[in-house]
Amino acid sequence: MLIVRKPKKKKDEIEIVKVGGKIEDGIEVKNNQKIFANYKKVGDKYKLYRCRVGDKLIQPSKVLELLKSDKIFILKENEEEIEEVLKSYNLKFDYIELCPFCLLKNIYKRLTRNNRCRYGNLEICINCGINEIKEEVKISEEFIEKFLKRFKDVDKVLSLLRIRNPLDKPELTRYDIITGSEEDKIENYKIDELDIPEELKEIIKSRGIEELLPVQTLSVKAGLLNGDDLLIISATSSGKTLIGELAGIKNLIKTGKKFLFLVPLVALANQKYLEFKERYEKLGFKVSLRVGLGRIGKKVDVETSLDADIIVGTYEGIDYLIRTKRLKDIGTVVIDEIHSLNLEERGARLDGLIGRLRFLFKEAQKIYLSATIGNPKELAKQLNAKLVLYNGRPVPLERHIIFCKNDFAKLNIIKEIVKREWQNISKFGYRGQCLIFTYSRKRAEYLAKALKSKGIKAEFYHGGMEYIKRRKVEDDFANQKIQCVVTTAALSAGVDFPASTVILESLAMGADWLNPAEFQQMCGRAGRKGMHEIGKVYLLVEIGKKYHAKMENTEDEVAFKLLNAVPEDVKVEYNEDEEEEQILATISAGITNRYDIDRVPYIGRAFSLNKILSNLESYGMIKANNDVKLTNYGSAVAISFLYPKVAEKIKEGIIENKEIIKLITEIMPFENVYLSNNLKIKLSKILNINVPSRFFDALEVIREGMEKIKDKKLKEDLTLIIMEFEGVEVEEKILEMIINLRISGKTPGQISKTLYEEFKIQTYSGDIYYYLEQLLNLLDATERIARIFNKRYAEKVKELKEKIENPK
């Protein structure tokens with residue numbers, strides 16, 4: 001290939017370059033590889049003369065030979081004279097577009113449809129566009145490239161990064177729109193056409209539902225109403241719950257056998273319990289809830305009877321009934337959020353639960369509900385279920401990305417989005433409401449408070465709240481009394497607020513970035529069929545932001561990875577601790593024959609049964625013959641949901657008469673303890689280092705830096721803190737403080753306040769609430785084991801447990 005062009009500022013000269021290789025990637029050409037030739041008009045034609053390579057002159061005839069030897073390309077614009085020169089020698093040519101910025105660096109790069117962008121009046125390559133933006137904005141190259149490939153315009157990208165109020169330019173912030181698929185065009189079944197009892201039809205129609213949604217229709221076609229086991233995969237909020245209800249209530253009416261509905265989180269179980277109670281008690285069915293109800297705070301009156309027709313529960317709540325052999329007469333099992341199989345630790349427990357349900361209730365219909373995953377066929381085969389795969393969305397989803405300079409800017413954008421959404425009333429008569437996800441409970445509380453101070457009706461919602469408070473927030477949102485709810489990323493699977501808009505204030509969950517499954521779940525919460533015409537998602541991204549030092553990527557880099565991520569495969573593989581727990585749980589459920597234990601259809605088993613049984617026998621939890629017998633110790637461990645090796649640690653502490661606080665700290669330390677932010681900032685300046693946020697780490701830094709602290713009051717305060725923890729295990733001491741404050745009658749909020757006021761220790765009421773709930777479960781387990789090995793120890797544990805649960 002030959003490229004012929006006019007060099008800049010040379011009126012009567014052409015440049016000829018021979019290019020080999022992939023010119024779309026850019027080829028560097030040195031000056032000594034270029035041929036220059038002058039031209040002049042003689043009569044009505046042009047002639048070449050004074051030709052050279054560098055400083056060396058060559059004959060015009062040699063240049064003509066070269067021009068005739070290969071295909072010639074010239075630039076499209078302002079090259080009329082070159083065209084005339086080539087025509088004078090009867091030379092044929094085509095046109096080519098080169099990046100003008102690359103040419104300035106002696107790089108010849110062809111512009112194609114995919115590698116170009118606009119900059120002012122010029123067309124340049126994506127790489128040069130990236131460099132121009134990097135000159136003005138500090139941002140990752142990958143991030144810029146994604147935007148340039150989308151907008152094809154440097155100025156537009158710069159506008160997006162600099163815009164004062166991005167909400168005024170939705171065409172700039174909009175990343176994409178996810179709409180329906182071919183499946184959305186199918187003819188949906190009318191409710192009256194379904195093979196279900198008339199009373200169920202009336203209940204459904206009373207909710208304003210006259211016909212099924214696409215995924216529901218596909219499920220009916222796949223055998224939902226014929227008792228077939230199904231794995232149903234579709235986006236969040238696409239109508240999966242009703243699928244379970246159709247099968248469960250139909251089977252209940254026809255056979256009288258129980259309908260089980262399993263969910264991963266207490267918050268979601270509470271919501272489903274109240275919904276089913278309202279809907280189906282009018283048919284004469286009893287609905288009960290099986291979850292670990294909160295024991296800290298006000299007690300809640302809910303139905304928990306096992307004689308109920310419909311039982312809603314968390315995975316652990318239902319598994320407890322199986323491990324204690326108290327679950328009978330099951331007709332339908334619906335397991336929601338089955339993609340939770342991917343979760344560390346919890347995935348193994350869910351897999352074990354599913355295996356036991358499949359083995360014990362072979363005749364029951366199993367419906368597995370999942371968000372989008374990467375290996376649906378494989379999972380359906382493993383579950384021995386028919387696959388129903390729906391890729392559409394009942395409501396289109398707009399995804400926007402907005403750049404924010406700092407947390408303050410994020411807060412202002414959130415306020416503006418919430419206000420605009422609230423003013424927007426859908427054709428169905430609903431105001432727009434927002435669901436805001438952030439990385440921690442503390443942050444959720446802070447944002448809700450900050451938004452309230454700006455006149456927004458906002459509430460926080462997280463797992464550390466008492467049931468009654470959570471329920472009030474749910475009701476207020478459903479009744480459109482509040483404009484937005486701020487919740488944690490960790491609760492994304494358990495939040496079912498009918499929001500028009502989802503705002504991701506952060507792309508982190510705790511100390512880690514969101515994974516694609518979590519991100520997709522959050523996005524799926526935006527837009528509800530019959531309430532909103534469209535759902536919106538806003539990613540608020542701070543360029544270069546990391547929430548923890550261990551994070552490898554920055555928030556801007558993570559944003560594009562999440563937006564472009566493909567669904568993750570669901571994979572389950574037990575480690576030894578997990579397999580020991582699941583085999584012990586199976587034996588506890590009454591499956592005691594070796595052959596039967598081996599036939600329980602787990603997905604994740606990785607060890608031989610003989611090895612696991614041998615381990616359990618060595619702990620004294622079973623007696624392994626052909627028919628395996630569970631010991632009292634094994635039973636206590638199984639119903640306590642403990643790893644057997646952890647139970648061994650507890651047993652050892654009980655036998656040694658170890659102090660209860662010491663034993664608890666070894667098994668389950670309270671780790672969410674921080675130095676107050678004001679003190680951290682002050683000390684970091686004085687000591688000229690970044691003082692750690694975690695209290696345990698910061699205390700050591702304070703001890704070593706005391707000599708540098710000259711402020712008398714500060715030194716006195718720090719000395720008191722150091723003396724309080726001198727010569728003791730800090731974790732034990734803090735746990736002892738928390739327990740003593742609780743026993744004295746303080747609420748989690750009051751405990752947090754006392755620790756701050758007296759020791760500048762920052763804790764959060766939600767974390768303390770959650771920890772005390774988990775602590776009571778651990779004390780239950782410890783008491784069970786102690787009843788076998790040390791009854792006096794058991795009494796001490798029982799006494800402590802009662803004091804924590806029912807303080808003065």
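Including glycine, each Cβ sits where the backbone N, Cα and C put it.
DSSP assigns ALA235 (ATP binding site) to coil, not to a helix or a strand. Per Swiss-Prot, ATP binding site is recorded for SER234, ALA235, THR236, SER237, SER238, GLY239, LYS240, THR241.
For 221-391, the entry in Swiss-Prot reads domain 'Helicase ATP-binding', with the evidence type sequence analysis.
Residues or ranges marked as domain 'Helicase C-terminal' by Swiss-Prot: 396-585. Confidence across the domain 'Helicase C-terminal' (396-585), taken as the mean pLDDT and rounded to a whole number, stands at 89.
Look at Swiss-Prot and you will find 189-217 tagged as motif 'Q motif'.
Marked as motif 'DEIH box' by Swiss-Prot: 336-339. According to DSSP, the secondary structure content of the motif 'DEIH box' (336-339) in residues is 2 helix, 0 strand, 2 coil.
When Cβ-Cβ distances below 8 Å are used as the criterion, the motif 'DEIH box' (336-339) is approached by residues 231, 240-241, 244, 261-264, 268, 350, 354, 368-371, 373, 379, 493, 517, 570 of the same chain, each at least six residues removed from its ends. Remote same-chain residues near the motif 'Q motif' (189-217) are listed as 180, 183, 225, 232, 234, 238-240, 242-243, 246, 249-250, 253-254, 279-280, 282-283, 388, 390, 392, 394, 529-530 (criterion: CB distance under 8 Å, separation of at least six residues from the stretch ends). Look at the motif 'Q motif' (189-217): DSSP puts its residues at 15 helix, 2 strand, 12 coil.
Shown in sequence order, VAL215, PRO394, GLY524 are the same-chain residues outside SER234, ALA235, THR236, SER237, SER238, GLY239, LYS240, THR241 whose Cβ sits within 8 Å of the Cβ centre of the ATP site. Contacts of GLY239 (ATP binding site) defined by a Cβ separation under 8 A and a same-chain sequence distance of 6+ are given as LEU212, LEU213, VAL215, GLN216, PRO394, LYS529, in order along the sequence. Of the listed binding-site residues, namely SER234, THR241, the sparsest Cβ surroundings within 10 Å are found at THR241. Every protein chain shown contributes to the tally, and the Cβ of SER237 (ATP binding site) ends up with 23 other Cβ atoms within 10 Å. It is THR236, among the binding-site residues THR236, SER238, whose Cβ has the fewest other Cβ atoms within 10 Å in the structure shown.
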